[in-house]
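What TrEMBL says about this protein:
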type	residues	note
DOMAIN	195-487	domain 'Anoctamin transmembrane'
TRANSMEM	212-232	transmembrane segment
TRANSMEM	238-256	transmembrane segment
TRANSMEM	309-332	transmembrane segment
TRANSMEM	352-372	transmembrane segment
TRANSMEM	398-420	transmembrane segment
TRANSMEM	432-451	transmembrane segment
Amino acid sequence: MAESWSFLDTFESNFRPLVVVELAKGTKKETIEWFTKRIVDKKANGGAQLLVKPLVTEKGEENIYLVGASHLRLLLGAETVGLVKECNDNSMRTFTYSSRKTFRDFADDNHNFLTMAECQYIIKHELENLRAKDEKMIPGYPQAKLYPGKSIVRRLLTSGILVQIFPLHDREELKKLRHSWYGRVKVGYQPLDEIRCYFGETIALYFGFLEYFTFALVPMAVIGIPYYVFAWEDYDKYVMFATFNLLWSTVILEVWKRICAIVTYRWGTLLMKRQFEEPRPGFHGVLGINPVTGREEPVYSSIKRQIRIYLVSLPFVCLCLYFSLYVMMIYFDLEQWALDYHEENESNFSSLMLFVPSIIYAVVIEIMNRIYRYAAEFLTSWGKKVVYSSSLNTNNKYFYLQFNFLNCFASLFYIAFVLFDMKLLRQSLATLLITSQILNQFAESLLPYWLQKRHKKRMKKRMSSLKTDTDLTLVEQINLEKEMGTYFVPLFLHKVL
């Protein structure tokens, strides 16, 4: 692989922009020159060997840069990140440039061999793994210190020099995807393969799971309707329904594991090699030698890691768990107050008041879950000092599951196994579930859609008021996308349209 970088030319005068880099306005010229040089410099010199050009606006400002790569560079990058592709013999193998002819649909002039999501992931990977060599600081900013092994992009972000990095949408491909995905009124499955090619495997699997889970809940909903409509006193019927739910939830989970394995194998992510995974950009540590791979990469003291875990992370987790229990006890006090109020008044208003504590508690749970998620990410990144992104995601799940489980289910366990109040359990479960679904739908669908529509309308007015001879197609698109929200997924941060 090292020989490939030395004798193959990866430069192209005209290239397709795939990623946008936005620097802060007023960034010093020497900083821009140094950063762009590191992007285009050869791998042997510590660069990313990518292509970059400024986006000149109507005011002549150059704080936005378009990053791309030649077809050859993307193929070499695919080998670096360990992409798995299908071969002519129907097997799945890690892509290597030397054996490129053995892979299905490969041709020297076929620029669609790598999907758009894969190309953007390769560029994102190379940018994030730009690390300082001999630099002691960011040129032009003495306060922005560097040391060998420090991520350049992370330092630029924390110093406020780099505003953001995001993938650029392909408007034509997006229109095709919109038409086949939700542009037509029809009953059918989602085009997961097309979603995967454009947005990547993570988002495709997310929508695939939503589709599967929706269909899997239909039998439970059909059987559960009589239980919800009729208040039966024979609790054996509820035991039968609970047993069915338990068995059915196990079945649908195991079936999804099978479907997920089939899909990820076909997409190549199931076999993607992890032994060559690069250290994550946020990892802090001086350069050292990895004893497993023998490569030079940042290392961190295990003693310092353990101190941060037991003196900071663990007490903070215990404090959050105690706070969850404290909020739960407040919820039960509200439930008792609502019940006493209903017994004294016996009106329609008092009947509605019985649901108010559960609704308030559901809202508080959602707020606390979001806070806990950010806390888990911070504790994992700061306290664990894990080297690889896959380990970071695993530790994030570990922390978040502790928070989420106690926060969401502690009250239900208390009602069921301590109070033995089936009526309150049914009321609380239904209220918590319905309120949670409404809040999630609003936060994930309605609110982003409304904000994006409002922002897009405002941007179009601004662009139409400009009087210039410059072609504003690309400028308008980038200005629209740079202020959009993001999907926080492990693979990449995709702008929301």
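Numbers here mean position along the shown chain, with the first residue as 1.
Just so you know, glycine gets a Cβ as well, placed from its N, Cα and C.
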Spatial neighbours of the transmembrane segment (432-451) far in sequence, C-beta under 8 Å, 6+ residues away:
358-359, 361-363, 365-366, 408, 412, 485, 496
Can you work out which residues elsewhere in the same chain, 6+ from the ends of the transmembrane segment (352-372), have a Cβ less than 8 Å from its Cβ atoms?
320, 323-324, 327-328, 331, 334-335, 337-339, 341-342, 399-400, 403-404, 407-408, 411, 427-428, 431-432, 435-436, 439-440
Give residue numbers and ranges for long-range contacts of the transmembrane segment (398-420): same chain, 6 or more residues beyond its ends, CB-CB under 8 A.
317, 320-321, 324-325, 328, 331-332, 361, 365, 368-369, 372-373, 375-376, 379-380, 428-429, 432
Short question: which residues 6 or more past the ends of the transmembrane segment (212-232) have a Cβ under 8 Å from it?
238, 241, 244-245, 248, 252, 255-256, 259, 430
